Every structure is written in structure tokens, then in C-alpha cells.
2 protein chains.
Amino acid sequence: MTGAAQQAVLDAHYMARALELARRGHYTTHPNPRVGCVIVRDGQVVGEGWHVRAGEPHAEVHALRAAGELARGATAYVTLEPCSHHGRTPPCADALVNAGVARVVAAMQDPNPEVAGRGLQRLAQAGIACESGVLEGEARALNPGFLKRMEHGLPFVRVKLAMSLDGRTAMESGESQWITGPAARSAVQRLRAQASVVLTGADTVLADNARLTVRADELGLDAQQTALAMSRPPLRVLVDGRLRVPLDAAFFKAGPALVATCMAVEEQYANGPECLRVPGDDGQVDLHQLLVALAARGVNEVLVEAGPRLAGAFARQGLVDEFQLFIAGKFLGSSARPLLDWPLARMKDAPELKITEIRAVGDDWRVIAVPVSPASV
Amino acid sequence: MTGAAQQAVLDAHYMARALELARRGHYTTHPNPRVGCVIVRDGQVVGEGWHVRAGEPHAEVHALRAAGELARGATAYVTLEPCSHHGRTPPCADALVNAGVARVVAAMQDPNPEVAGRGLQRLAQAGIACESGVLEGEARALNPGFLKRMEHGLPFVRVKLAMSLDGRTAMESGESQWITGPAARSAVQRLRAQASVVLTGADTVLADNARLTVRADELGLDAQQTALAMSRPPLRVLVDGRLRVPLDAAFFKAGPALVATCMAVEEQYANGPECLRVPGDDGQVDLHQLLVALAARGVNEVLVEAGPRLAGAFARQGLVDEFQLFIAGKFLGSSARPLLDWPLARMKDAPELKITEIRAVGDDWRVIAVPVSPASV
């Protein structure tokens, strides 16, 4: 192997470790991205760090602190381009320069318009050797929400649905409890915990008395990750165009929530939860506008847990980035409720999806499917 | 390892080879079971055989012929107890005795009431050491239809359905062509080829002009297996209680077929295809009676390829042993046709299935699901 090829293998190796560290922030970094950093000198890891929470030090700072004087002349591996701007913490590019690091390898450029290459530029200007693009695909997969928000001004929207093998979510009567088993419910708890926002509709809250909270004992995580997840629960957002859900609903009693509505708030929720007024026709909240507003608040990932009507509206409007379908080994039959309210007349109108993963979750199965081209009907 | 443990490992090894040979008869042995045989002497395989077609020599005979004089004192591994009765060929138990075999290891007893232990008994009486139960699970899985017919007087019923991710089989208009891709269609061709009977209903033949034939170029098998499969195509059975399908339908022109009907045959099909009169209410063929009649004709495996009505009827009546669901990555929407016509009111009535396998087939996925307890509604 040539020296350059060897260096590429080593770079990938240390970047993989930095990605592993970044994943520890799975439940807590939002609105910031998940980032990990490894500092290597003479073939030895001398410092590691990961970003825990917005407002706290970035991954690079943790790693530099751990390395101390050993950072001088070392290589820093970072899963995202070091920042060049003063946010709630000073720029990491400066910290790397001050520590005397000789080389910086980033997995990807930061699409944040306040950075966007300027972090690496700053480093290069200080005489530090810079590279970007090592394990970039993995690094992008780590932060789908942050990237989508920076690149498109929208959060990443994940729709979770629990269905039977024949594609039904509830009986005609609405009866729907326990379609899937405990392992699937635990997986859903983790999906909630990783999201910035868990979003539902008035139908679900009224029919199922849903609270959509994260419950520590159902997460199925170790003590440290559970504590992290519980320290930063997602914001629960209720889409309720006409303010049909009463203030004494379990949903509101379970903690802070945001209500997205078309109505003037004073009418009903004067002393109630925070309300976000969103335009809409016929008392139906404009979902695209809502997502834009959430992104503006720093929301990276939205988990939609709603009935066929609201989930169907997100799907019909091409607003879904990923479906997570939990499939139970049963038939609910031909009179049961559909997966999504989305009537289609012609086969050519049927939206295509790429199934990216199918995996057993307890006695159930999880299908991850991604729209091939966003439908815009 | 003790000598006995070592012998057990060797026995499993040679039986695995015998099973591999038996699988070569996947498309041809019906109404007989798929059987393979290996003859081993002094740690050397001296003969191998598998059953090709009813009326032709059994696996043991092929293997003994290959072994010749070397069979004397050898061990014969057979995936099914050697037969003890004169069928279209003389009993294999006698052939093994005459060849001077010292030991016979069978994977399982033959449930055929004409054998049922008498083959092994015959061997033991001749002083041959006998064993049964080596890799029995695998041997049973090889012949689900033969075993079900022998044990319950019914064929093994496999229902194939092609559906979208939201559990739909066609648009409301009936439009349904090409839900799944070429790899899935090829897998369906192999399911047809391995079946004794491919069964469909008048709705499917009338709506889709379906022929349900096996097409050599779509099997995706090598030349030898393709030739074998084409040499013994399945019988195509049309369930048409009221004889609605006209004689000039492509289905009838495509080759021999059997029509299961409640009507007196003379009325319509006087010079047409073979008809089987089956009782039924309201012109609906009694499906259980039909299966009993097919089993009596030696039908081991039935592949049901029908619309939601007929497939739903098999499901509702608890007559399905296995569902093969080919799932395409698309949504057909909430007005599209259901997987099965099977209205259910309460969650507690929802039939449970065990998903035994999910596997990618080209761009589509195949789910194999087995009813947990046969529904009998």
C-alpha cells in the first residue's frame, strides 16, 4: 500500500471513531448538529470529545481539553467542519489554531451559512493542513434534520405508523391499541426522544387521549443515554386548526406543548399552552408553513405520530422524508382503517418509495421507506 | 468427542447432502415426495440419488445403482423412510436388503399409511441397523404438501399476493398490472412451478385475462432445472361456481385445466375442459370440499393466485397454510382494493400470523407469514 493509501485507511478509522462519539449526542444536541472529535498524535488517540447540548462546549473543545499540550502537532478528526463564528461559544477553528494542531480532517463541510467553508478556510490560513469528505455519507446520515434545515429551511420529517400486514392502522370503530408489541413501542420511544418535535393532530389526542411523552422506563437505553434523553425531551406539537382539544386533555397536562392553529388564540387558549398561528384553508393548518415556522425555531427532526388524516396530508403534500412503518403479524381486515387517507385513481399516480431497511423488532417488523421523488399533489 | 457424538456429526453431514439432492426434485416429484439418498462406505460417498418423477425409480434405487457392489456393508442415508409397498416401483426396503446395506439412517418416517414405519421394520427384520430422526425438521420442510396430504387428507395451501406497502392489491378500477418488478414475478413463476396446482378464480381470469402458466424464460433457473420444471407443469384449476368464464378465454387456450364448479357440467362445458363438480351454496364452490377432492387426486401443494374475494375466502375459512406477500415500495392509496376481502369488527377477531421470513426480491420484498392458529370464522 502506498503511504497515501495507508493514510486514507487511518483517516477513515479515526473518523469512524469520531462518528461513534458523535452518536452519543443522538438525543440532546438539537438545535445543534451531533458532532464528534478525535485528536491523534503519533498514532495515539490523545483526546476525544462530543457535543452534548447547545450552549455547552463543542466536540473540538472537549477533545482539545482532553489532549492538553499533546494537541500540538496532532491531527484533529471532526465529523463536521469546525465553526468559524461566535455563537453561544467561541469559534472552534480558533481553538484548534491556538492549540497548535497541525492537520484537521473533517467529514463534511458545515452547510450552516454562517460557516460554509469558512471554518476550514480559517484553519488553512493559519497554516493547518485541511481535508474534508472522509466518511461524508455517514456524517450526513447522522444529522438529517440539521442538514435539511440548513440546506432547505425545513426540518426532516419522519412519519411513524403502526400497521397490520394488510396495511391497516385501526378497526373501523377506531379501536387500535396494541397493534404492535413492547419492542416496537420501545423503538417508537427512541424515535420520539431523538426528535426535536413530536407532532400529532387533534383526532389522535381526542380519540386516543394520547400524550406522546418520552417515558424513561420504555426507552430501552442504558442509564447514561436514558438520562441524556430525559434531559432534553422533544417539544410536543399539536396541530389543531380549530382548537378542538380542550385544555384539560391529558396531552396538555403532560408538560409543555405548542399548538399550531388557524384560529386567533385569545378565543380559547388565553391562559393555556403556547400557540403558533399558522395560515390555513377551512381551519386546516398549512403544513408547509408550519414546518417553515418550526425550522425557524431551530427544529431539526420532526416525528409525526398521527392518524391517517394528518399523516396522509403530510404524505400527499410531499412533506415526508422517511416513513417508519411498524408492521404486526396480523390482518385487521378489509373494513379496517387505511394507513393513510390518500385516495388515488390511477396506478401512475401511486407514489414510489424505496424500502431502505426491514428489520425484526421483537415479534414485529420495522420497514423504513423513503419517498423516491417527493409527491406534490 | 465420543464416538457416538462423532457419528452423530457425520450422520448429519451426509443427511444434509441427501437433502440437497432431494431438492433437485423440487419441481417434478409430485404426487410423490422429494427424496434424496446418499450411500457411504468407509467414509467415502459411493452412491447418490434423488427421485425425479412419479413412475421413475426412487432415490434409493438411483443411489444403489451408482454404488453397485460397494453398497455391501455401507450406510444409506435417506431423507424419507424407504417404502415397503409395491407402488409403481418395487419396495425400496427390499432393494436395500438385497444390496447388503449394513445400516440405514432416515430423516423421518414416511407418514404414508402404506409405509408408516413398515419400511424401517422390514429393514430391521433383515438385520440392518436402522435410525430415524436425523435432520427431521429440514426433511419435513422439504415436503409440506406431501406431509399435509398424508397426515390430514388436504394439500398445503400457499396464497400468493402482490401488494403495495399500504396493503393494496389494485386500484379501485381494478388496474393492477406490474405492482411488483421482474425479480418478484420470477419468484412467482418458481412458486407456480413447484406447485401441483395453481388455483385461481373467475374474477381474476375475467378481469386480467390471466393464464397462470409457467414460462421457461421467466423462471430464472439453470437449464437443467428449467427443463425439469417445464416437464411437469402444475395443473391449473379455475374456481368458477357459476361457469362464468367463456371457453375461448386465454386461460383455457393455454393448456389443460380443471374447472371446479357447482353447476351441472353439461349445461355449458360439454366439450370443454375437465370439470369437477363441488357442492356449494349460492354458486360458491365449497373450498374445503375442493381441497379434499384435490388431495384425493394426489395434489400436494396448491398455489392460490386470486383476487381479494377468493383469496379472502380461503383465509376466512382457515384453509391457508402460508401467505407469500410480495410487497412493492409504493402506496396505492386509501381507495385502492384491499389485500383480502375479510371485514372484521373487533381487534380480538384479527387473525395472528407469524412472519417467518422477509427478504429483498429485486426492488420488492417478500414476506412469508404463517397463520398462528388457523382462523375458522
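Each Cβ is built from the backbone N, Cα and C atoms, and glycine gets one as well.
Whatever TrEMBL says is automated annotation, not expert-curated.
Predicted, not measured: the structure shown is a model, and the values here were computed from it.
Listed in TrEMBL:
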| type | residues | note |
| --- | --- | --- |
| DOMAIN | B:9-131 | domain 'CMP/dCMP-type deaminase' |
| BINDING | B:H58, B:C83, B:C92 | Zn(2+) binding site |
| ACT_SITE | B:E60 | active site, proton donor |
| BINDING | B:A162, B:W178, B:T204, B:D208, B:G307, B:P308, B:R309, B:L310, B:A311, B:G312, B:A313 | NADP(+) binding site |
| BINDING | B:S176, B:R192, B:L212, B:R215, B:E305 | substrate binding site |
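Feature map: annotations from TrEMBL on the structure.
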residue : record                 : DSSP class
B:H58   : Zn(2+) binding site    : coil
B:C83   : Zn(2+) binding site    : coil
B:C92   : Zn(2+) binding site    : helix
B:R192  : substrate binding site : helix
B:T204  : NADP(+) binding site   : helix
B:L212  : substrate binding site : coil
B:R309  : NADP(+) binding site   : helix
Which has the fewest other CB atoms in a 10 Å radius around its CB: B:C83, B:C92, B:L212, B:A313, the listed binding-site residues?
-> B:A313
Tell me the Cβ contacts of B:H58 (Zn(2+) binding site) under 8 Å, same chain only and six or more apart in sequence, or just say none.
-> B:V35, B:G49, B:H51, B:P82, B:C83, B:T89, B:C92
Across all chains shown, how many C-beta atoms besides its own are within 10 angstroms of the C-beta of B:A162 (NADP(+) binding site)?
-> 21
Cα-Cα distance linking B:S176 (substrate binding site) and B:A162 (NADP(+) binding site), given in Å to the nearest integer | 9
Here the Cα-Cα span from B:A311 (NADP(+) binding site) to B:E60 (active site, proton donor), rounded to a whole number of angstrom, reaches 39
Predicted model, mean pLDDT over the domain 'CMP/dCMP-type deaminase' (B:9-131) = 91
Here the Cα-Cα span from B:E305 (substrate binding site) to B:T204 (NADP(+) binding site), rounded to a whole number of angstrom, reaches 8
Set of same-chain residues at least 6 away whose C-beta sits under 8 angstroms from B:R309 (NADP(+) binding site) | B:G201, B:D203, B:D341
Cβ neighbours of B:E305 (substrate binding site) where a neighbour is any other Cβ within 10 Å = 24
Residue from B:E60, B:R192, B:L212, B:R215 whose C-alpha is spatially nearest that of B:G307 (NADP(+) binding site), among the recorded positions | B:L212
If one looks at the chain holding B:R192 (substrate binding site), which residues at least 6 apart in sequence have a CB under 8 angstroms from its CB?
-> B:V198, B:L212, B:T213, B:V214, B:P234, B:L303, B:E305
Cα distance (Å, whole number) from B:R215 (substrate binding site) to the residue listed as 'active site, proton donor' = 32
Listed in sequence order, the residues of the same chain lying six or more positions from B:R215 (substrate binding site) whose CB sits under 8 Å from its CB are B:Q189
By a simple count, how many Cβ atoms lie within 10 Å of the Cβ of B:S176 (substrate binding site), its own Cβ left out?
-> 19
Same-chain residues at least 6 positions away from B:T204 (NADP(+) binding site) with a Cβ under 8 Å from its Cβ, in sequence order, are B:A210, B:E305, B:A306, B:G307, B:L310
If you count the other CB atoms within 10 A of the CB of B:A311 (NADP(+) binding site), including all protein chains displayed, you should get 26
